[in-house]
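The substrate binding site annotation in TrEMBL covers Arg94, Ser95, Gly96, Asn107, Thr111, Ile112, Asp113. According to TrEMBL, the feature domain 'dUTPase-like' maps to 43-173.
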Amino acid sequence: MQPQKKAANDAFFSITLGNGSLFVNAPVVQVAVRRLPRSEGLPLPSYATAGAAGMDLLAAVDSTVTVPPGERALIPTGLCIALPAGYELQIRPRSGLALKHGITLPNSPGTIDEDYRGELCVILMNTGQEAFTVERGMRIAQAVVAPVFRVAWNEVDDLDSTERGAGGFGSTGTHSS
C-alpha cells in the first residue's frame with residue numbers, strides 16, 4: 001500500500017490496494033513531530049490499514065512496565081508534536097487491548113491541544129484480572145487528528161423544547177422497541 005499525492009498542491013491523498021479494490025481520498029494534515037532519544041529505533045505512528053481513522057502509538061519504554069489489575073501507568077511515546085491551528089490529537093484505546101486484557105484509557109479520549117509541546121504520553125489502566133506487561137514498541141493506543149470548533153455562547157432565558165426534553169442517563173431505555 002503506497003500513499004500517493006494526486007498533485008503537488010493537493011491536500012488529499014489516495015490509496016489503492018494491489019487489486020485496485022479500495023480507494024481512499026482523505027485530507028492530509030501536516031503535523032510536525034520531534035523524536036526524543038527514547039524513541040530511537042521505533043517507527044513513527046502510522047495507519048495500519050487504508051481505511052483506518054487512527055494511527056497506532058508505540059510504547060517508548062526503556063524496560064518493560066507491568067500494570068497490575070486496578071492500577072494505572074503513564075507510558076511515554078518519545079514523541080513531541082506541533083499541531084496546526086484548529087486541530088487536536090485525540091488519544092484513544094485500542095479495542096483489542098480492551099477486550100483481551102482489560103487495558104483502557106481512563107480519560108478517553110485524551111486531548112492533546114494544538115499548543116502543547118511536551119512528550120505524548122498515554123495513561124493506561126488495567127481493568128482486567130491479570131497484570132499486563134507493556135514492552136518497548138508495543139502498540140498501546142490510537143491517535144486521531146480532529147478539527148476543533150470554537151463555541152460562541154448565546155445565553156437565553158428558555159431553550160426550544162424537544163421530544164426527549166431533560167431525559168438522560170438511560171431515559172431512552174436499553175432495548176429497541
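Positions of Cβ are set from backbone N, Cα and C atoms, glycine also.
Cβ neighbours of Arg94 (substrate binding site) (same chain, under 8 Å, six or more residues apart in sequence): Asp56, Ile103, Arg139, Ile140, Ala141, Gln142. Within 10 Å of the C-beta atom of Ile112 (substrate binding site) sit 19 other C-beta atoms, taking all shown protein chains into account. In this view, Asp113 (substrate binding site) is surrounded by 11 other Cβ atoms within 10 Å of its Cβ, with every protein chain counted. Taken residue by residue with DSSP, Thr111 (substrate binding site) is part of a strand.
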